[in-house]
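Asks: Please read through the structure below; I'll follow up with questions.
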Amino acid sequence: MASPSSDLDRERRKCTFIVAELTDIINGGREKTERRRYLESIILNDPIFGNKDSHFLSREEKYSNGVMKSKRLSEVLKEHNIENPQDYKIMLNVIGESLPIGLHNSMFRPTIRDQGTDEQRKKWLPLANDYKIIGTYAQTELGHGTFIRGLETTSTYDPKREEFVLNTPTLTATKWWPGCLGKTSTHAVVMAQLYIKNQCYGLHSFIVQLRSLKDHSPMPGVTVGDIGNKVGLETNDNGFLAMDNVRIPRENMLMRHAQVYPDGTYRKPANPRLAYGAMVLVRATIVAGSATNLSKAATIAIRYSCVRRQTEAKPGELEPQIIDYVTQQHKLVPQLATAYAFAWIARYMMSTYHALHADIESGHLGALQELHGISSGLKAFTAEMSVSGIEVCRRACGGHGFSAASGLVSIYKDWLPSCTYEGENTVLYLQTARFLLKCFRQPSITPSSMSYILIKPLPGARWGVKSPEDLMKPILLVEAFEHRAQRTIKSAAQFLESQISQGLDTSEAMNRSGIEFVRCAKAHCYYFVTRNFFQSTAQLKCSKEIKESLLTLGVVFALNGIADNSGEFLEDCFVTGTQMEFVRERIQYCYKQLRPNLVGLVDAFAFADQSLNSALGAYDGDVYNRLYNWAKRAPLNKTDVHSSYHKYLRSILKSKI
């Protein structure tokens with residue numbers, strides 16, 4: 001039997017490119033790679049951040065462990081003067097767990113920064129940055145999530161005392177699900193309906209103290225706690241919050257865009273979409289998280305598939321590596337290609353957000369709606385595909401993939417809620433579809449990034465693919481996705497118009513058009529990601545071997561997208577049956593071309609073993625020793641005879657049959 005570690009050594013020797021060069025590309029350059037290694041070393045060399053036996057802990061122990069790591073991380077950030085949000089994310093990625101200070105850094109601080117006045121920033125951000133207060137973002141309620149206009153929490157202005165009075169008027173108004181809320185946070189940015197003199201002015205943001213800074217007990221009128229066990233995110237205290245006449249100073253309403261003056265005069269924001277900025281950042285972060293988590297899953301599954309051997313092809317011969325089975329490649333190579341596609345689109349999203357943020361700061365708001373429309377769809381698209389892809393990777397590891405030691409179970413459980421938090425996926429697809437249809441009907445507002453929508457598909461248009469070799473041409477692959485997106489957008493618009501023409505009101509017509517809307521939004525997202533993949537790869541300055549591998553991955557991403565959605569490409573005869581046969585043939589050709597480089601392509605992600613926390617996916621490939629030693633450390637194996645034997649089992653075994 002071959003040595004597992006020697007199997008991976010051979011795979012690495014077969015790689016046709018220099019892995020370190022690709023790592024630099026993924027990280028954004030050599031300097032960023034060095035920075036990442038430095039930051040990771042801080043975490044890896046600190047025993048407090050170890051997670052060797054985290055799977056054996058109870059929920060209570062996992063939360064307490066998370067608080068301990070949060071404390072140490074806050075100290076480390078100060079000690080090393082680390083303030084860059086990207087640096088913080090790198091360190092979190094190595095820790096490999098959702099910490100109970102997550103929303104403090106991802107939502108609480110950014111919301112104050114984006115929506116607070118200069119005076120509010122000056123007051124609150126130093127406290128938050130130094131962890132003298134810990135905050136969360138309380139929006140979702142027991143009865144309402146994505147439909148934020150339906151939120152019931154109220155904030156009523158009292159001009160006599162210049163205070164807001166916050167209340168939870170119904171059970172369904174209870175804040176429910178915010179991370180870090182249950183036991184950790186001392187403060188929260190609370191989204192509530194603003195009332196002044198019995199008139200509602202809609203949702204606004206308020207900073208509310210939840211717990212005493214002396215003994216951490218809930219403040220008067222505040223009922224707060226943990227919502228209980230969940231599928232994943234066990235280190236995080238997702239919580240509930242109810243308020244009974246909780247008073248806060250007028251200055252605690254975030255007033256960068258809307259103001260309430262001492263006498264109760266209300267000044268509305270110049271643009272109601274200004275609040276999109278924080279949402280776009282969070283959704284861009286989810287796109288990046290989709291890339292990271294799918295990359296981790298692909299790394300584990302591909303390394304394991306090069307170590308695992310199964311079923312001798314001929315009697316007496318060495319069992320082949322399961323990665324050499326084409327069916328295994330068909331499971332895993334598309335996930336690897338998708339991980340790279342998402343890494344490229346995440347980079348686009350982040351750079352676009354930062355450009356937008358600079359525009360907002362200088363008063364230019366034109367791109368807000370565009371980025372909101374794009375980010376909604378891409379958040380849904382990447383979350384949906386990455387969660388599905390992680391599960392494909394887990395199943396591809398067979399029985400061992402069901403073990404917590406695989407690391408895949410926790411990746412899946414902890415990333416699964418990305419499909420519902422920060423906007424449920426279907427609702428976000430519908431938001432994107434409405435923006436696409438608006439652009440379709442009003443060409444003058446269509447941004448350059450969506451100008452393809454205005455190109456009307458020619459009747460009888462056909463795909464210009466003449467042979468399987470043509471499918472290696474990015475321009476033809478992008479053309480196919482562009483045609484599909486154009487056609488489905490037009491189809492959705494026509495379907496909506498047909499419903500209205502039948503006498504339905506707009507609301508019901510939109511409801512009945514929902515399936516068509518989601519279809520066109522997904523088609524647009526697939527086009528957008530495919531186009532970006534090839535454009536980004538073409539612009540890279542790198543070795544020929546790396547560029548060839550990345551372009552082939554792009555072809556795999558595109559061709560599997562065509563094959564998996566073949567009906568939408570065939571139904572108007574743009575693609576023929578013969579061309580679809582070419583697609584299936586070329587997919588296998590690409591797998592063969594990529595086979596020598598699969599381990600190199602996942603090694604390039606450069607995940608530390610601690611970050612993967614996987615017996616199957618460790619760099620050295622020593623799978624079976626790791627699994628065996630992990631099992632021996634399980635709490636059930638602390639004694640040879642379990643206590644339940646004396647309580648129950650002995651009497652069963654000694655009973656007369």
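Cβ coordinates come from backbone N, Cα and C, glycine included.
Annotated domain 'Acyl-coenzyme A oxidase N-terminal' per TrEMBL: 19-134, in sequence order. The FAD binding site annotation in TrEMBL covers Thr140, Gly179. If you look up TrEMBL, you'll see 276-437 marked as domain 'Acyl-CoA oxidase C-alpha1'. The annotation active site, proton acceptor is assigned in TrEMBL to Glu422. Positions annotated as domain 'Acyl-CoA oxidase C-terminal' by TrEMBL: 476-654.
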Asks: Could you tell me how many residues in the domain 'Acyl-coenzyme A oxidase N-terminal' (19-134) are helical, how many are strand and how many are coil under DSSP?
Replies: 88 helix, 0 strand, 28 coil
Asks: In whole Å, note down how far the CA of Glu422 (active site, proton acceptor) lies from the CA of Thr140 (FAD binding site).
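Replies: Approximately 9 Å lies between the Cα of Thr140 (FAD binding site) and that of Glu422 (active site, proton acceptor).
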Asks: Near Gly179 (FAD binding site), which residues of its own chain have a C-beta under 8 A away, given they sit six or more steps off in sequence?
Replies: Ser98, Pro100, Gly102, Leu103, Thr136, Leu233, Asn236, Asp237, Asn238
Asks: Which residues of the same chain, at least 6 positions away in sequence, have a Cβ lying under 8 Å from the Cβ of the residue listed as 'active site, proton acceptor'?
Replies: Met279, Val282, Arg283, Ile286, Lys379
Asks: Would you report the average pLDDT that the model assigns to the domain 'Acyl-coenzyme A oxidase N-terminal' (19-134)?
Replies: 93
